Amino acid sequence: MKLLILTALLGMSFAQFNPNTKHGRTSIVHLFEWRWADIAAECERYLAPNGFGGVQISPPSESIIVTNPSYPWWQRYQPIGYNLCSRSGNENELRDMITRCNNVGVNIYVDAVINHMCGAGGGEGTHSSCGSYFNANKKDFPTVPYSNWDFNDGKCNTGSGNIENYNDVNQVRNCRLVSLLDLALEKDYVRGKVTGYMNKLIDMGVAGFRVDACKHMWPGDLSGVYGRLHSLNTKWFPSGSKPFIFQEVIDLGGEPITSNQYTGLGRVTEFKYGAKLGTTIRKWNNEKLSYLKNWGEGYGMMPSDKALVFVDNHDNQRGHGAGGGSILTFWDARLYKMAVALMLAHPYGVTRVMSSYRWSRNIVNGQDKNDWMGPPSNGNGSTKPVPINPDSTCGDNWVCEHRWRQIRNMVIFRNVVNGQPFSNWWDNGNNQIAFGRGNRGFIVINNDSGYLDATLNTGMPQGTYCDVISGQKEGSRCTGTQVQVGGDGRAYFKISHTADDPFIAIHANSKL
Ligand code: QV4
Ligand code: CA
């Protein structure tokens with residue numbers, strides 16, 4: 001009996017680490033700033049057929065509308081209530097998207113902004129995405145409703161009321177992050193409003209949450225919030241399934257607030273991953289691909305079963321958040337594809353692929369003056385649809401990294417090798433590496449300044465395989481390079497350092 005209760009309790013707490021993905025799908029894509037109508041279409045026409053497990057969506061909650069600068073992307077991180085309209089669409093469109101994505105087995109994860117409301121300087125009026133009235137000066141948000149006493153100010157001891165020192169845990173959690181009005185999440189009333197919002201989304205069919213700004217919330221308060229969340233909608237998920245929780249905590253070391261204060265509650269974003277992968281692939285500080293033999297925990301990262309990993313995110317691809325100049329993005333496409341492929345081939349963590357829009361960068365002294373720019377929009381600030389070109393890329397400045405052949409095929413690779421061990425590591429002591437995943441997949445990367453020319457043990461069954469980077473298997477033919485694996489599992493690889501994509505990947509389903 002005792003054992004049963006213990007297993008039940010463990011089951012309950014561990015459930016939040018499971019992304020609840022279907023059909024052996026393993027990766028999430030962040031469709032940053034996409035409209036709900038476009039996401040619904042993308043689930044049906046592209047994500048499900050190509051094995052994507054889920055989508056992280058931009059915050060659906062009612063937010064402030066900022067006109068100076070003109071409709072920045074970050075206005076959505078300043079909620080003024082929990083009504084479900086945003087520049088991505090209204091509540092009906094949101095519900096339609098969740099339903100249609102679920103119907104093709106693609107999960108929706110909501111970016112939940114629950115640490116704060118809008119900035120203190122947000123003013124008074126109805127300049128909000130559903131048109132609700134609010135008054136930031138009085139901390140009055142009648143549409144929730146929150147008022148003056150639902151905020152933390154009394155507990156903040158800095159002169160400005162803002163976080164001034166990240167070494168002071170109380171400041172980080174009780175003061176305002178860049179002036180954003182800080183919610184008193186220890187109050188039962190506030191927790192009730194926050195969980196009411198999250199539960200409404202769960203009931204609509206979402207599979208989990210990216211929880212924004214967790215460093216700024218007490219783990220005990222978060223535990224109180226998560227404990228009140230409903231199980232997932234049984235129309236699409238097994239009865240008793242708990243929402244997947246991944247918490248945004250930027251821990252690059254050197255601060256008193258660490259990831260492991262949150263890993264008991266759900267997964268945590270591992271920011272060391274993209275920062276370190278960036279320095280390694282850029283060969284900064286003499287770092288080399290060959291060092292990645294013990295990538296993951298061996299690099300001082302959190303345990304794999306607690307980590308949510310990514311090469312870049314919507315903040316650090318434009319200099320917000322942390323990570324610094326090493327972060328690779330679509331702007332450095334060649335190195336970026338190598339980084340994303342490496343991430344998707346490697347067993348560490350739950351993987352999230354970024355899907356961005358292009359903006360006019362204006363970098364002055366290392367700082368992008370246009371880091372605020374919102375998605376491709378019409379003059380009135382409404383977000384443009386994502387047009388799909390005949391060659392399946394996206395138009396109108398939507399980058400759609402998730403549709404790049406090399407990235408999409410590695411998302412499929414990860415599904416094919418799911419559950420297989422990291423195996424058959426090889427390196428040349430420098431920037432040429434290879435590794436496999438049991439007998440189901442193998443990747444070879446050349447980031448040196450000379451040819452890679454080697455016969456390697458792939459661990460794969462004998463046969464002819466199609467490289468899914470230079471092309472892919474289409475019917476019985478291969479549009480890319482072919483790789484012959486002998487009866488001993490060995491194969492010959494030659495990769496030029498000047499190739500468009502200096503890496504090769506084969507897997508069980510790319511066998512001809
Ligand atoms: C400015 C000044 C303040 C000043 C205030 C006065 O910076 O010092 O007190 O004016 O009014 C925007 C502006 C910012 C402005 C603020 C309030 O950029 O300059 O303050 O609004 O008006 C996003 C953006 C922020 C943006 C915020 C709210 O990145 O620039 O602030 O949305 O619109 C830390 C955290 C981490 C966080 C990361 C960016 O630990 O949690 O910073 N990451 C998440 C999200 C991120 C989001 C937030 C948190 C806040 O991923 O996108 O910030 O919800 O590392
Ligand atoms: Ca806080």
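Cβ from N, Cα, C; glycine included.
Note that TrEMBL annotation is computational and uncurated.
Going by TrEMBL, these are the annotated features:
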SIGNAL    1-15  signal peptide
DOMAIN    26-414  domain 'Glycosyl hydrolase family 13 catalytic'
REGION    368-388  region 'Disordered'
DOMAIN    423-511  domain 'Alpha-amylase C-terminal'
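With a threshold of 8 Å between CB atoms, the same-chain residues lying at least 6 positions outside the region 'Disordered' (368-388) that come near it are 32-35, 37-38, 42, 45, 65, 69-75, 87-88, 318-320, 357, 359-362, 394-398, 400.
With helix defined as DSSP H, G or I and strand as E or B, the domain 'Alpha-amylase C-terminal' (423-511) counts 3 helix, 47 strand, 39 coil.
The DSSP breakdown of the region 'Disordered' (368-388), given as helix, strand and coil counts, is 0 helix, 4 strand, 17 coil.
On the 0 to 100 pLDDT scale, the model's mean across the domain 'Alpha-amylase C-terminal' (423-511) is 98.
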